[in-house]
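J.: Structure provided below as structure tokens; questions to follow.
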Amino acid sequence: MPHPEAKPDPAAPPTGDIVELAALVVPLPAPRPSVPEGYSPPAPDLAKPARFLFGGRMEPAPLEARSIGSYARGCLAGAAALPIDGETWQVMRLSRNRNWGHPDLITFLEDLAASAPDLGWNGLLVGDLAQPRGGPMLTGHASHQIGLDADIWLTPMPDRRLSREEREQMSAISMLKDAGMTVDPAIWTDAHARLIRQAASDPRVERIFVHPAIKKALCEFSGDPDANADWLRHVRPWYGHHYHFHVRMKCPEGQTACRNQDPPPAGAGCGQALSWWLSDEPYKPKPGQPAKRRETMLGDLPSACRSVLLAD
Ligand SMILES: [Zn+2]
């Protein structure tokens, strides 16, 4: 059954029935309110922390698509939106307006979503990508600033279109058993593992962040980590990330202002390094570390981000 909000098929033959023809007419966008001559909108207060400036822009910068800076310190020009519904994906938390990314990220997500059913995964529930102009986010993430990061829920897409309300309210499911350091075998499945393997095997992907318990489950799923190091090395243990996994793409070809991370170390990463992550060590408070990081200001970002912020 077509989704009630599905667009009418423009290729459908006209029937001659005037009522049905009327249903084929796509409404024009509402006219923009007229702006009095000489009026210019108030300039944003550039002394505010950058997250307020970038978090306040609702539309992408109408410039050529560019990821500028590094994943946790940069911005995004010419962003594209991931449509909120596809055959095999749905975007969650629409009120956040974070379904924006470099066009290559959008293509990657559409490709991953298309491959999902063959992996035994019904479809993707997509969380945060980036703000329309990237930059530091009002809340949450330190990264996701240059339109090359995406959060994908570890909950498969249901068989129906979720309402806007459900996309705000629905909770993702943790993969952990008793909030401990192993996945729950009643929740974690091989389909989860196949989906992450598919993403990690994509040459466009730089890193995938998952909870250490999920990395361990993937090492076991592979049967032979050393023989699967080509994809396993891209899956990195990190804090959190047991409700969703985080895909980070490499800087797309020719994006000279985009700063790649060092490639992940060689090897599957299933041995010593992972045992550290599974110990108490990473979760102990570290003395001498400031409790809170200083706010990022516009001047802390690459200088091109000023034009991205202000472009009309
Ligand atoms: Zn993320």
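Any Cβ shown, glycine's included, is placed from N, Cα and C.
Annotated disulfide bond per TrEMBL: Cys75-Cys305, Cys219-Cys270, Cys251-Cys258, in sequence order.
Give me the lay of the land around each of these features.
T.: Summarising the environment of Cys75 (disulfide bond), the number of other Cβ atoms within 10 Å of its Cβ, over all protein chains shown, is 33. According to its DSSP assignment, Cys75 (disulfide bond) is in a strand.
The DSSP secondary structure for Cys270 (disulfide bond) is coil.
Around Cys251 (disulfide bond), the same-chain residues six or more apart in sequence whose CB sits under 8 Å from its CB are Ser67, Leu148, Cys258, Arg259, Asn260, listed in sequence order.
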J.: To see if you understand the setup: which same-chain residues, six or more apart in sequence, place their Cβ under 8 Å from that of Cys219 (disulfide bond)?
T.: Pro225, Leu232, Ala268, Cys270, Leu274
J.: Using other CB atoms within 10 angstroms as the count, which residue among the disulfide-bonded residues Cys258, Cys305 scores least?
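T.: Selected from the disulfide-bonded residues Cys258, Cys305 on minimum Cβ neighbours within 10 Å: Cys258.
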J.: Please work out the number of neighbouring Cβ atoms within 10 Å of the Cβ of Cys270 (disulfide bond), leaving out its own Cβ.
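T.: For Cys270 (disulfide bond), the 10 Å Cβ neighbour count is 22.
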